[in-house]
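J.: Annotated active site, proton acceptor per TrEMBL: ASP38, in sequence order. Among the features that TrEMBL reports, active site, proton donor is placed at ASP178. Residues or ranges marked as substrate binding site by TrEMBL: SER7, HIS69, GLY145, PHE146, GLY147, GLY148, ASP178, GLY179, GLY180, GLY200, SER201. The annotation divalent metal cation binding site is assigned in TrEMBL to HIS36, ASP38, HIS69, ASP178.
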Amino acid sequence: MTAIHPSILNCDIAHLADELDRVAGADGTGGADGIHVDVMDNHFVPNLSWGLPVVEAVLAHTCLPVDAHLMIRDADRWAPAYAEAGCQIVTPHAEATTAPVRLARELHRLGAGAGIALRPATPLEAVADVLGEFDLLLLMTVEPGFGGQSFIEPMLPKIRRARELVGSSGLDLRLQVDGGITSQTIERAAEAGADVFVAGSAVYRVDDALAAIAELREAAATHRHDHGR
């Protein structure tokens, strides 16, 4: 099922509660499928965003599932706190974890889903042997650290290979893409095999966020890799 997760990195943080409500839809229906929160430490990526207190505030306000993307060093140490806080899924970077299997199992023990993220230059082979421990694979389609970047088109073959790997291995794994998602690029990413889409500017930099979400969802759903099967 196609899922759209707006990224609050692109919202008006001074009005965070209103921005969360703007994408939720009436009674939590017709809007976003989740909220994507980018946690950056200015070490793993050259930018600083927010940490656990802001994530806890998001969790306290929204009824939508919260998806925490940890662009931080020493993820093995810090990721469990986001699971304990109530995030539905916690996604550290493979490049920042020393014991990914142990971390995935700890996140599951704490009641959260476990994701694993890859920078554009990191090959799928870095996580291929451990994907069975995870619930979600996040492929960055921009260099992590800043919102509003353009989609990196050469990532499309990587998305296809990831979908083929998931299928051939019989894994129950969502494939998320993050970066440069618009109503045009989402079509190509969906055709390649992605099914969860992080959208920042495309949702939060327009007047009607719900209409933008509906447009993205429709574009992805009609171009899904398995559409018509």
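Here the Cβ of each residue, glycine as well, is placed from N, Cα and C on the backbone.
Distances, neighbours, how buried they are, the whole picture for these features please.
T.: Annotation note: ASP38 (active site, proton acceptor) sits in a strand segment as assigned by DSSP. Within 10 Å of the C-beta of ASP38 (active site, proton acceptor) we count 24 further C-beta atoms, all protein chains included.
If you take the C-beta of ASP178 (active site, proton donor) and look for same-chain residues 6 or more apart in sequence within under 8 angstroms, you find SER7, HIS36, HIS69, ALA117, LEU138, LEU139, MET140, THR141, VAL142, PRO144, VAL198.
Long-range Cβ proximity for GLY180 (substrate binding site), meaning a same-chain Cβ under 8 A and a gap of 6 or more residues, is found for THR141, VAL142, GLN149, SER150, PHE151, ILE152.
The Cβ of HIS36 (divalent metal cation binding site) has 27 other Cβ atoms within 10 Å, all protein chains considered.
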J.: Would you count the other CB atoms within 10 A of the CB of HIS69 (divalent metal cation binding site), including those on all shown protein chains?
T.: 27
J.: Does DSSP give ASP178 (active site, proton donor) helix, strand or coil?
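T.: ASP178 (active site, proton donor) sits in a strand per DSSP.
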J.: Give me the Cα-Cα distance between GLY147 (substrate binding site) and ASP38 (active site, proton acceptor), rounded to a whole Å.
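T.: Given the Cα positions, GLY147 (substrate binding site) is 10 Å from ASP38 (active site, proton acceptor).
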J.: Rounded to a whole angstrom, what is the C-alpha distance between GLY145 (substrate binding site) and ASP38 (active site, proton acceptor)?
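T.: Each residue's Cα considered, GLY145 (substrate binding site) and ASP38 (active site, proton acceptor) end up 9 Å apart.
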